[in-house]
Each structure stands twice: as C-alpha cells, then as structure tokens.
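Take a look at the structure below.
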Amino acid sequence: MTLAPPHLGPRPASGPTGRPDAEPTAAAVPVPAAAPAGAPASALASVPRTSRARPSTAARLRARAPGLLAVAGLTVACLLAARAVPAVSPLLLAIVVGAVARNAGVLPAVARPGVAWAARHLLRAGVVLLGLQLSVPAVLALRPGEVALVVVTVAATFTTTRWAGARLGVDRRTTLLVATGFSICGAAAVAAMSAAVPTDRRRPGQGSGRGTATRTGRGTGTGTTEPTPTDPDRPDDAVATAVAMVTVFGSLALVAMPLLQAPLGLDDRQVGVWIGASVHEVAQVVAAASAVSAAALAVAVVVKLARVALLAPLVAVVAGLERRRERTRTRTAADPRDPADPAAPGPRRPPLVPLFVLGFLVAVAVRGVGVLPDAALDGARVAGTALLTAAMLGLGADVHVPTLVRTGGRALALGAVSTAVTTTVSLAGLYLLA
C-alpha cells in the first residue's frame, strides 16, 4: 500500500459533494457559529451585527409587560404608604420593597426584563422632571456667604468621602454613590449618578487573557468571567448600600439637629441653613426643619435647593472623568474589535454629558422662565416622584442582601465619616458667617 504524501499547502474548500469548488456559492457562505454555552460575552465580538437578530418592538413589549405591571402596582402601594406616613420617603420605601421581593423569591423570572427596564429608563425620566422642582429665583435670594457655604460643604463632603472610602476598603462605585448622595440630595442624587456612570462588571484582574479563575475556582481560559450574584461592584448593590446609608444617617440627623439648636446657640435662620446644608433627603430636611419653626423650614428648603442645583454639574464632571478613565483603561486592554475586520465596531462610548443631565438643565430653565402654571408644576412633581419611586423598585429588585451584609460595616463607617464632614463643615461655616 502506497501512502499519499501529506498535504502541506492550503486545502481547497470542498462543496457538498466533497469536490473542490472553484468559486463559493450562496450555499457555501460561512455562517458564524454561536458562542458555546458558558462562553464569555466577548466571544460574540467576532460575530457580525447582521447575524444577531434584534427582537421586534412587539416582542420586547411582551417580554417587559409583566415586570412593568408589577412595578406599577408596587409603585402605587409605596406612594400611598408614603402619603399615610409623610416622614417616610417613597423612594427609600420602594428600594426596600424591591429588595424584599427579590430576596424573598416572590419576584418571578418573567418579570425581570420589565423591572430592569424601569430601573434604567424611568430613572432618567424622573431625574429630568426633578429639574422642574428647582426654583432659581429662590436660590438666588440666598446671601452670598450662604451660597459659598453650600458650595464648600458639597465639595468637602464629596472629596473627603471618596478619600475615606478608599482608605476603608469600600468598593469604588459604592464610595462614589455614597459621596454623591450625602453631598447633594440623597437617593435622587444616588440614582442620577448611578445612571450617568454605569458599572464595569469585570472584577480586578480580568481581561488578562491568562485564564482568570472565577469566584468558584473555575477558569474560563479567556481571562473574562461573568459577574456573580455576590459581586460587590454590581450597580444594584452599590445603589442599595448608598441609599441605605442615606436612610440611616439622614434619619439620625433629622432627630438630632433640632435638639442641638439651643446647645450650639443657633437662631432659627442659622439652624435652617445648617439643616439644609447637611441633611440628605429633601423629605428629611422638611421633617427636621419643621420641628424648629416655619422660618427655619423656609430657609432650609431654599438651601437644600441650592445643593440640588449642584447635581447636574457634579454628575457631568464625574461622568466626563469616568469616560476619560475608561478610555485610558481600554487603551491598555486588548482591542475588542476583530483584527481581521477593521471595520468592526468598537465599544460604544457614552456621551460626554449624559442626555438626562441636559434634560435636567432644560427643565430648570423652563421652571426659571415661568411659562408653566402652578398646576403643571404640581403635576410634574407628582409624576417625577412616581417615576423615581418606580425606578427605585427596579433597583431594589436586583439587590443581593448577602453582599450588603458582607460590606455593611465598612459602608456604615463611610457614612459616619461623610455625615461628620457635612455637619462639621457647614456648622463651622455658620460660625464664620455670624
């Protein structure tokens, strides 16, 4: 028997009959194979976009309908409960209800697409409507020294909280959200920042291409692992932790600060400025200042609005810095585009300024022009609260309680540091202005 010499050159393509084809036909055009089960998401990068069929609008609506109906019902329940107990913020109540529904196992899998959609899109719409609550003339009526006090307090709280978070070992995203919520306006600010700065779900050390092991010890062989439910960098866990800290320390502040007026020798206007510059949630500011006097309440709300006015510039600056950081990080990582296809699209870059932040600024301008009647502003306030409540339900429904328990001690320490900074800096500013 004579052995044929091995074929060293490129093997010609074979047709269905096994014979070489001179030219490819339509039947011979290769179809990209789907990534195997368990493969990382980056394995789909080499698949042309035309081969990935996008579900129709009707199919997406059908998939989201159960979750949206669940969110709508729970939102109404939270709003009614908050109306019955005015001291309770519907946003804080909603994230608790969502977290309980997820961790108790009562949220069916069929509802998850709609719940996730609500957490993302209704959140942005609610932040835009929040701009209609900001009265520019009222903020401009503050004394120059009081405006400077607000700016210094916000800057000191934000920067010190981020520094303390790094020292305490709190993950970067949770630290950012705590700093934003404590320095600006509580849960609404946390939600705005979380929407502007999406999380990177990869854990440190991933993307090296050397077979990174997962948390359970199984290697992927690609250096990329899928996020696990206990990943501390998941956006929902970071949001839940930040909102929980806002609830705990804001509640303590609204009880303690009115009691400290007499020992600290503050008049009603001074304690109103102190409360407005220090307490996190608008509802908490109203509750704390109402315990002092009507005069304290009036100035506290205006000072709080001055803090809210800093939300858009802060979010825009941080989003720009995070965009630059992401661009720098991707330069050092492997290029996700297929080198054989230079025209393949790379990672989508976020806008320099998030669109919902621009919408917030437009809403502030519309309110300042005075073209909307009071009835429309009241309706926008109710709608904005409902949208943010629905979004918080969606965020809470993706919270993993074991992660909060694991990181709770460090987050509490961070909240204590942030509260100490905001109350001390604002109080020192009051004494300097006296």
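The backbone N, Cα and C atoms fix where each Cβ goes, and this holds for glycine too.
For the ranges 57-74, 75-92, 147-164, the feature annotated in TrEMBL as transmembrane segment maps to 147-164.
Within the same chain, the transmembrane segment (147-164) stays apart from the transmembrane segment (238-259): fewer than three Cβ pairs sit under 8 Å, each pair at least 6 residues apart. Sequence-distant residue pairs (6 or more apart) of the transmembrane segment (352-373) and the transmembrane segment (176-197) include at least 3 whose Cβ atoms are under 8 Å, placing the two stretches in contact. In summary, the transmembrane segment (379-399) lies against the transmembrane segment (238-259): three or more C-beta pairs, each 6 or more positions apart in sequence, are under 8 Å. Same-chain neighbours of the transmembrane segment (411-433): 143, 145-146, 148-149, 152-153, 156-157, 160-161, 164-165, 168, 170, 174-175, 178-179, 182-183, 241, 244-245, 248-249, 252-253, 257, 264, 266, 270, 273-274, 277-278, 404, counting only residues six or more beyond its ends whose CB sits under 8 Å from a CB of the stretch. In terms of C-beta pairs under 8 Å, the stretch of 122-141, 238-259, 271-291 lying closest in packing to the transmembrane segment (297-321) is 271-291.
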